[in-house]
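Peer 1: Mind looking over this structure? Questions follow.
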């Protein structure tokens with residue numbers, strides 16, 4: 001699924017179940033030694049996928065490279081590599097690339113179902129709720145655009161944090177969603193979204209962030225979303 005949103009030179013890897021017999025570095029085992037088996041499995045699988053993607057990318061030694069948690073739980077990638085990982089029930093994915101090609105990557109996956117009652121106000125701003133109550137969502141019955149919004153917000157944070165090193169709350173970005181096409185019969189949809197940052201977007205290096213552009217897709221009972229923050233013109237020249 002995620003590979004339908006990703007283009008060269010980035011590399012994606014995904015799985016719909018947890019494979020057995022995969023290599024897991026001891027440092028990763030130690031990181032989740034006290035976690036329940038379900039949490040361990042998703043932790044190991046998504047990192048296995050990231051290693052596989054890095055190997056395809058040509059990163060030396062990627063097959064046995066541990067990917068541990070850094071600041072605020074974000075993955076610590078090797079020098080020159082950027083990436084993002086996600087997992088939800090029935091799905092795991094990783095997308096990686098070289099920092100020479102993009103500033104950051106953000107991905108998220110969620111089950112394609114409506115948000116639980118009472119959750120929407122805590123993950124959205126009034127303008128977004130007004131849109132969800134309007135005409136465009138009504139034109140696409142069967143597509144849970146409230147959950148697409150949540151997925152886009154999660155993706156926004158994952159692309160934001162590596163560049164700024166700061167927290168971004170649900171109320172700190174205004175997400176506008178475009179539905180490119182949808183099929184109620186097949187329960188599929190595709191589209192784009194734009195996340196306008198509502199707080200100071202100062203980056204640790206380079207240009208500040210003001211707007212992040214992304215894509216999303218609904219398929220197989222899942223939602224996936226992707227943001228690629230392009231590298232600045234002239235960077236590394």
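Each Cβ is built from the backbone N, Cα and C atoms, and glycine gets one as well.
Quick caveat, the model's predicted, so the values are computed rather than measured.
According to TrEMBL, the protein has these features:
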type	residues	note
BINDING	39, 47, 86, 87, 108, 154, 158, 168	CoA binding site
BINDING	108, 109, 110	Mg(2+) binding site
DOMAIN	28-96	domain '4'-phosphopantetheinyl transferase N-terminal'
DOMAIN	104-186	domain '4'-phosphopantetheinyl transferase'
Peer 1: If you average per-residue pLDDT over the domain '4'-phosphopantetheinyl transferase' (104-186), what number do you get?
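Peer 2: Summarising the domain '4'-phosphopantetheinyl transferase' (104-186) by its mean pLDDT gives 95.
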Peer 1: In whole Å, how far does the CA atom of residue 47 (CoA binding site) lie from that of residue 109 (Mg(2+) binding site)?
Peer 2: 15
Peer 1: With DSSP, how much of the domain '4'-phosphopantetheinyl transferase N-terminal' (28-96) is helix, how much strand and how much coil, in residues?
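Peer 2: Grouping H, G, I as helix and E, B as strand yields 31 helix, 16 strand, 22 coil.
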Peer 1: Using a 10 Å cut-off on Cβ-Cβ distances across all protein chains shown, tell me which of the binding-site residues (108, 110) has the largest neighbour count.
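Peer 2: Comparing the binding-site residues 108, 110, the most crowded Cβ belongs to 108.
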Peer 1: Using a 10 angstroms cut-off on Cβ to Cβ distances, just flag whichever of 109, 168 is the loneliest among these binding-site residues.
Peer 2: 168
Peer 1: Within 10 Å of residue 110 (Mg(2+) binding site) (Cα to Cα), which of the binding-site residues 39, 87, 158, 168 do you find?
Peer 2: 87
Peer 1: In angstrom units, rounded to an integer, how far apart are the Cα atoms of residue 109 (Mg(2+) binding site) and residue 87 (CoA binding site)?
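Peer 2: Here the two Cα atoms are 6 Å apart.
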Peer 1: At 10 angstroms around each C-beta, which of the binding-site residues 39, 87 has the fewest other C-beta atoms nearby?
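Peer 2: Minimum Cβ neighbour count within 10 Å, taken over the binding-site residues 39, 87, occurs at 39.
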Peer 1: Does DSSP give residue 158 (CoA binding site) helix, strand or coil?
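Peer 2: Its secondary structure by DSSP: helix.
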Peer 1: Measure between the Cα atoms of every pair in 39, 47, 86, 87, 108, 154, 158, 168, the residues the record assigns to CoA, and report the largest value in Å, rounded to a whole number.
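Peer 2: The CoA-binding residues span at most 25 Å between Cα atoms.
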Peer 1: Within 8 Å of the centroid of the Cβ atoms of 108, 109, 110, which other residues of that chain place their own Cβ, given that this set defines the recorded Mg(2+) site?
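Peer 2: Near the Mg(2+) site, beyond 108, 109, 110, sit 86, 88, 91, 107, 151, 154, 155, 222, 223, 224, 225.
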Peer 1: Near the Cβ of residue 86 (CoA binding site), how many other Cβ atoms are there if near means within 10 Å?
Peer 2: 26
